[in-house]
């Protein structure tokens with residue numbers, strides 16, 4: 001069961017703002033952190049993932065995982081599992097053994113996560129990136145369970161964005 | 001650990017030009033098995049979409065799941081051997097795609113290859129998928145080194161420098177979307193069916209004008225690519241036309257997109273050819289079927305006096321014949337794998353032939 005614990009929305013005026021949000025998230029990541037991303041084509045899901053990977057100390061080029069569905073990277077701080085379920089169905093995703101990543105040693109990021117919501121763990125952080133203009137985005141953050149709710153509350157208190 | 005000892009003990013006797021290799025490719029959507037002689041003569045090359053799997057197995061086959069590979073792999077092996085007109089006992093080695101690709105999909109091919117290797121007591125050669133795409137060119141032409149390969153597909157966009165046979169140096173790659181993926185995403189944005197590449201190509205070729213879109217050159221000396229910005233530019237053009245209520249000609253947009261992609265691909269590969277003194281330019285991967293790209297590269301190569309090699313379509317998309325062609329390199333060296341080798345979903349091309357290069361971009 002997914003327990004809705006906290007919600008927040010921020011306005012990102014540029015890629016730098018998005019990078020700042022990624023940095024905030026990256027600082028709190030631990031083994032087993034799951035970040036779910038949604039939003040239209042070109043909304044910046046991969047851009048967010050790249051920024052998060054960089055903060056986790058991934059030095060490899062993080063490019064789109066759309067074709068291979070899952071790409072694994074070694075980060076200096078934590079391993080980074082980059083997934084994109086755009087091309088597959090729920091049933092096919094069920095065969096991929098995603099739990100091994102979600103409950104593994106690294107940070108999992110799932111692009112187009114709403115396709116596989118029932119396969120996500122009970123606790124995760126969901127970001128919806130909404131296109132508002134050429135560089136402007138509204139990022140809707142929803143925390144399901146802890147520690148993600150604490151992150152969101154911390155974010156709200158910080159007064160950032 | 002199980003090793004085929006009778007083979008690894010006498011590698012010197014195996015350094016030979018002649019081979020009969022059965023190759024298996026299951027890195028993504030296609031299940032393919034081929035029989036290839038001497039790394040260049042294709043005796044058979046079966047791809048799952050060529051036969052009516054749906055009818056034979058009485059159901060719709062999922063596009064990606066490894067189950068599809070499990071369902072069809074043995075049938076594909078049988079058909080490839082039958083079509084080649086050989087007996088299994090005549091085979092010298094089994095080649096299989098070890099990576100990069102989908103882990104579950106790769107495992108099916110590797111397990112089938114290991115079983116055959118064990119049953120027939122012949123060596124197994126784990127093969128790199130991109131090396132396969134590059135050596136697909138050897139199925140139609142002798143390669144002359146040094147050469148440059150432009151690898152363009154749904155999952156890859158890379159420029160590879162080859163100083164000599166089997167030496168791969170990745171000098172450029174995409175920093176975000178692969179070119180085939182950018183095509184699919186643009187196709188989706190303008191409402192074309194999947195896979196969108198051929199549709200965008202057709203619209204672009206028919207359009208009289210082009211919407212002006214940016215070119216992503218990155219740093220002047222960079223051979224890397226970035227198509228994410230171009231994708232955003234296409235989406236912005238669509239959004240703006242919607243907001244202003246001014247209709248946008250999708251053909252002109254497709255042509256603008258295609259021209260931007262092709263300009264960058266052609267310019268960067270020709271620059272690599274010159275800088276590295278390449279004797280040939282090899283075009284590889286599924287996007288090699290793109291008419292606009294073929295025409296532009298052909299025209300530019302002729303103008304610059306560069307020999308361009310483009311494999312026929314069946315060797316551009318994922319197929320096992322190309323894996324047999326690449327595996328022949330390792331056959332000649334007697335470089336075989338032991339039966340406990342693993343699939344490698346993010347296999348590095350530069351490490352495949354046992355070379356380690358520090359010069360990464």
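Every residue gets a Cβ built from N, Cα and C, even glycine.
Caution: TrEMBL annotation is automatic and unverified by curators.
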Which residue of B:304, B:318, B:337 does TrEMBL report at the same Fe cation site as B:129, B:133?
B:318
With B:151, B:152, B:153, B:154, B:155, B:184, B:197, B:201 listed by TrEMBL as binding substrate, identify the candidate in B:45, B:239, B:290 belonging to that site.
B:290
Most crowded position, judged by CB atoms within 10 A, among B:155, B:197 as binding-site residues:
B:155
I need the CA-to-CA distance for residue B:290 (substrate binding site) versus residue B:129 (Fe cation binding site), whole Å please.
21
Using a Cβ cut-off of under 8 Å to chain A, which of the binding-site residues B:151, B:155, B:197, B:290, B:318 qualify?
B:155
For the Fe cation site (B:129, B:133, B:318), what does the 8 A shell look like? I mean other same-chain residues with CB within 8 A of the CB centroid.
B:25, B:27, B:97, B:130, B:132, B:153, B:156, B:285, B:319, B:322, B:323
Among all the protein chains here, how many other CB atoms are within 10 A of the CB of residue B:151 (substrate binding site)?
27
